[in-house]
Amino acid sequence: MKLESQFLSFLYSRGYFNQCTNVSALDQLMSKQCVPTYIGFDCTAKSLHVGSLVQIMILRYLQKFGHKPIVLLGNGTTKIGDPSGKDKSRTMLCSDEIEENALGIYDVLKKFIKFGSGSTDGLLVCNAEWLDDLNYIEFLRNIGRHFSVNNMLTFDSVRLRLEREQNLSFLEFNYMLLQSYDFVELNRRYNCLLQIGGSDQWGNIVSGVELGRKLQLSELFGLTTNLVLTSSGEKMGKTAQGAVWLNGDMYSPVDYWQYFRNVRDEDVGRFLKLFTELPLDKIKELELLQGHEINEAKKMLATEATKICHGEEIAKNIAADALKVFECNDDSGLSTFYVDRCDVDLGLPIIKLLQISGLEKSSSSARRLINDKGCKINDVVVLDVNYKLSLEHFCNASYVKLSCGKKRHLKIMLKSSF
């Protein structure tokens, strides 16, 4: 695809670009002027996780290429819940929880983009500003009349739930109208012309573009990014231990570095393009590495991704500590997992320990690991699937080193009792 604007060309070359409404007109516009662009995040948790990282990186690049990134926090729409990609309704959150989550998300985003009053500074907006005081009758007359239920039923977020005979509340069914209305309000208030979201948001985004056209606003544009899956078909940002959060108190910078260090070989090149700011020629060099050498590319991925999220100094320190751990047998940089003393006193089965620590997802995978001689306690291979961790392991040491293969290691420590 031949594109003139630096921003769209960049998205396409790095693998972000999925589809776009009237891409030629948007390309011309973005090559000539600053285009205010919004990406929305619902306030369903106190942080964002790696699954949102593509959108956050795009906010960062909007700023880099001279456009204005608008972050819309859905403290209004979170009260309803987006049905896109969901099998069931979300748990309803109270207003205090939503506001606390919004503050946490803002703290995360400040690490990635600069907020301020400049022409390309990030702008934080909350949609409760206009949604909380909506007059329902006026909203139906002025906005609702532009939506066809027949058309809404064809969108995946609705159609798939109905086909699977899963409940879709009227509350959730309204989400599309509210997201479309958000776009209109952002255009009226801040001259926002472009909305970007994941590929699962295409229906909602197009509805907003169409609503703008029917209300005779300036032409609005929508762009979606590719859904990022690992080579094993899993969504980004999930591990056996839970979500890979972007704030350090919910997911440590060390664990964040290790998450990217341990990606599959097949994912390294793609993730370097998506989650680092390395130039493409450097990434091409790293993609040529084969065999054991590919670990150097993984270390680069981990360090560069951690640098953006947690800062350069922290990233370099973690990389240096990892070098000691994996190449100099120094355990000081390992993540720590705590176990209850009473469980260890009774004898903690190695199968259970591998699961609760997050090193293995299931008992069957833990058994396979042991049978393949891939599990070690203090660098000694565990041969018995019935092996148990006991207090004797801690007689002369403050921790036990638990290893799965060559890459995954944890320090197992006893919880302090007070």
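Even glycines carry a Cβ here, placed using N, Cα and C.
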Swiss-Prot annotation (motif ''KMSKS' region') - matching range among 185-189, 235-239, 310-314: 235-239
43-52, 133-142, 213-222, 323-332 - the range that Swiss-Prot marks as motif ''HIGH' region': 43-52
Densest Cβ neighbourhood among Y38, Y175 (binding-site residues), 10 Å radius: Y38
